[in-house]
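A short worksheet on the structure shown next.
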């Protein structure tokens, strides 16, 4: 009897660890928990990270595998770079960032122990929570579009932009009013629609390494489209090509009829001037060029000249992460050059240690196309030092070393039957 009670207690602890690890991921950028916690962010996220690690270390097998060694190398690289920058710049900004990165890696290491022990449960909860967030955001889009006034909490982000939290359905910082119609770019609980688009790219890739579920393909694809992100429109191309390569697109008559019906529906809907203006702002206008030659949907190109200037002034180690340099060189606008400017060629390589390891692991397989989609996103959002992408990479790594059987949602696994 005592043995049975101990086993039940141990199972409950495992379940709590899985849920705690998944929820802790939402306390880190690019989720809005990073902003909502304010000055308490480091205390909340750091405390949860340490808690996940200590509980996992105490109750689970704690041997260090090759992936955990990669994460440790990733963590130590940041700390080493931070110490180096103290000597060079006489400032603590980069060291503090290294310490913050170390806390996130401690969380990832603890989560790796949990994932190894409860892979199927962890993956199921992780994917279902994110799918639920996307579905709620789509519902929010439709509710606002038809004129229902859902209450929102408005707050100012650190970059000066307003953010609108429609609890519990979602949030966004892109809201437009045309006549009686309110249009939003869905952002889930990310800090902006573009961040959700990147999250959904990771989830689409993760799904192909694991479930290969049509339900997740459809939910995450539609969610990505409804972010109205230019980056998503580009990064989805390798994923679509991958789907084509593995034979997902088997076009049948009803699919052609469905496309025809959808096209006619859209045609009649946009006859309303207000709806047309909304769609034009969200979609077509974003791909038009302004007077300076930049696309309207591109809010980063203007910062690149100063970022290039910063990189050229210190190409090896970068100018550092000090507040003065962030404002002086527009480093707060993420791009390929912003991280080169901040960390130089030497520090820049540290950001890609986990990604490069996964890419080398799958270099001779079709899945490399999926990783190309993530690589394309790095041109706009080059940083992977947050919890979410590291957890995705961990789930991808352990998918090839676990023995459980994934449940497919259909027999032939075709997205279009």
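Using the three backbone atoms N, Cα and C, a Cβ is placed for every residue, glycine included.
Annotated in TrEMBL:
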type     : residues : note
TRANSMEM : 12-34    : transmembrane segment
TRANSMEM : 40-60    : transmembrane segment
TRANSMEM : 67-87    : transmembrane segment
TRANSMEM : 99-117   : transmembrane segment
TRANSMEM : 129-152  : transmembrane segment
TRANSMEM : 164-183  : transmembrane segment
TRANSMEM : 195-212  : transmembrane segment
TRANSMEM : 218-242  : transmembrane segment
TRANSMEM : 254-270  : transmembrane segment
TRANSMEM : 336-360  : transmembrane segment
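Against the transmembrane segment (67-87), stretch 336-360 has more CB pairs under 8 A than any other of 40-60, 164-183, 218-242, 336-360. When Cβ-Cβ distances below 8 Å are used as the criterion, the transmembrane segment (40-60) is approached by residues 10, 13-14, 17, 20-21, 24, 27-28, 33-34, 100, 103-104, 106-107, 109-111, 113-114, 116-117 of the same chain, each at least six residues removed from its ends.
Same-chain residues lying 6 or more positions outside the transmembrane segment (12-34) and placing a CB less than 8 Å from one of its CB atoms are 41, 44-45, 48-49, 51-52, 55-56, 59-60, 104, 107, 110-111, 114, 117-118, 121-122, 125-126, 129, 163, 165, 171, 189-192, 195-196, 198-199, 386-388, 391. Packing against the transmembrane segment (129-152) from elsewhere in the chain are residues 22, 164-166, 168-170, 180-184, 186-189, 196, 199-200, 203, 215-216, 219-220, 222-223, 226: each is 6 or more residues past its ends and has a CB under 8 Å from a CB in it.
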